[in-house]
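The active site annotation in TrEMBL covers Lys16, Asp143. Sequence annotations record features per position, and here TrEMBL assigns domain 'GHMP kinase N-terminal' to 73-151. Annotated ATP binding site per TrEMBL: Pro101, Val102, Ala103, Gly104, Gly105, Met106, Ala107, Gly108, Gly109, Ser110, Ala111, in sequence order. Taken from TrEMBL, the feature domain 'GHMP kinase C-terminal' applies to 215-287.
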Amino acid sequence: MLSVVPRPVTVRVPAKVNLHLGVGLPRRDGYHELTTVFQALSLSDTISVVPADELSITVTGDSAREVPVDGTNLAWRAAELMARIAGREPAVAITIAKGIPVAGGMAGGSADAAGTLVALARMWHLEIGRDKMRDLAAELGSDVPFSLRGGTALGTGRGEKLTTVLSRGEYHWVLAVAKEGLSTPEVFRELDHLRENYSSADDTGTYTESPDELLQALASGDPRRVADLLHNDMQPAALSMRPALRRTLRAGVDAGALAGIISGSGPTCAFLCTDSDAAVTTAAELSGAGVCRAVRTATGPVAGARLIDGSL
Ligand SMILES: C[C@](O)(CO)[C@H](O)COP(=O)(O)OP(=O)(O)OC[C@H]1O[C@@H](n2ccc(N)nc2=O)[C@H](O)[C@@H]1O
Ligand SMILES: Nc1ncnc2c1ncn2[C@@H]1O[C@H](COP(=O)(O)OP(=O)(O)OP(=O)(O)O)[C@@H](O)[C@H]1O
């Protein structure tokens, strides 16, 4: 008898950078109120699922060894959640091809969770509307709804409430990937600590309700205007935990970028460039500066979690 090898369902999911990240006070539930502008970048993870006897995760790519393959992997939790919704066992083998830096402030784990939700909805032929998918994503993590949606969006609440932002043109980025990651909750704690112990708001950021100037700059499509308005309240906390990142930020601007910012909770440094040529020359020069583990170029905005053609 011929045995039929099941075809995998494959989904590509982008990394994110926060063009603006305003952090408010901690809430009762331990999360911080945020106002953030996300942009999805062409750097991505690829998630494939096939039916199997039991749930398993395999990770490939340079940083595979840094990623857990048990129930602490966000993709595992996404599979269990989707199985519960479908009323079945999470009997799937998940393969994650890692292109997004691990613990880099670029929503790598969130991307894998979003990708798993989309892949399993297709593989199990589940009719789940956009709103329900968004709610499932938010249950898994604050960044997961954006990984699902992509593009450019304003995030409020703990970052999970999204509205679309009008953005013109393509933005060219250079990313300096650090040797070692930072833990997101630890960076939030460091920010609270800095705010409790130092009164100067200049050092620890000011939470703004709506980054209107940035939204206007994005609508204009002028990278110079956008570069002037990049802002991250978490940056002082990440720099306090990793002072060497100051050198990385300086090196990117010296190499030709318009501006540099720490991505989310860090430690990846994201540099906005005028165009693709400038990004290539900036990346080459930054690679030689010895201030990071790896240098990548990326463009944004791109779409969120998408099935790859040929998937079932
Ligand atoms: C820093 C950002 O990447 C900016 O987009 C996100 O806020 C982090 O999102 P995430 O990694 O999906 O975070 P979650 O998995 O939801 O939460 C991890 C931990 O980060 C802290 N956290 C996260 C989001 C938020 N608005 N406030 C927080 O204080 C909490 O300690 C939480 O327990
Ligand atoms: N699928 C996954 N990919 C990478 N790390 C994962 C994954 N699932 C769980 N983790 C764990 O989560 C930690 C944070 O990894 P992740 O790459 O999601 O961080 P991040 O990109 O900084 O997150 P964010 O930007 O959403 O705050 C890692 O150190 C790792 O132990």
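Note: Cβ is positioned from N, Cα and C throughout, glycine not excepted.
In TrEMBL, annotation is done automatically, which means it is predicted and not curated.
When the recorded positions Lys16, Pro101, Ala103, Ala111, Asp143 are checked against ligand 1, Asp143 have a Cβ within less than 6 Å of one of its atoms.
Those residues of the chain, other than Pro101, Val102, Ala103, Gly104, Gly105, Met106, Ala107, Gly108, Gly109, Ser110, Ala111, with a C-beta within 8 angstroms of the mean position of the ATP site C-beta atoms are Ala15, Ile100.
Comparing the binding-site residues Pro101, Gly105 on other C-beta atoms within 10 angstroms of each C-beta gives the minimum for Pro101. For the pair Pro101 (ATP binding site) and Lys16 (active site), the Cα-Cα distance reads 11 Å. Note: the CA-CA distance between Gly105 (ATP binding site) and Lys16 (active site) rounds to 8 Å.
With a cut-off of 8 Å between CB atoms and residues at least 6 apart in sequence, the same chain places Phe38, Gln39, Ala40, Leu41, Met106, Ala107, Ser110, Asp143, Phe146, Ser147, Ser263, Gly264 near Lys16 (active site), listed in sequence order. Among the recorded positions Lys16, Pro101, Ala107, Ala111, Asp143, the residues whose Cβ sits under 6 Å from any atom of ligand 2 are Ala107, Asp143.
Fewest Cβ neighbours within 10 Å among the binding-site residues Ala103, Ala111: that distinction goes to Ala103. Taken residue by residue with DSSP, Asp143 (active site) is part of neither helix nor strand, so it is coil.
Taking a C-beta cut-off of under 8 Å and a sequence gap of six or more, Gly109 (ATP binding site) has these contacts in its own chain: Asn73, Leu74, Ala75, Gly141.
According to DSSP, Ala103 (ATP binding site) sits in a coil region rather than a helix or strand.
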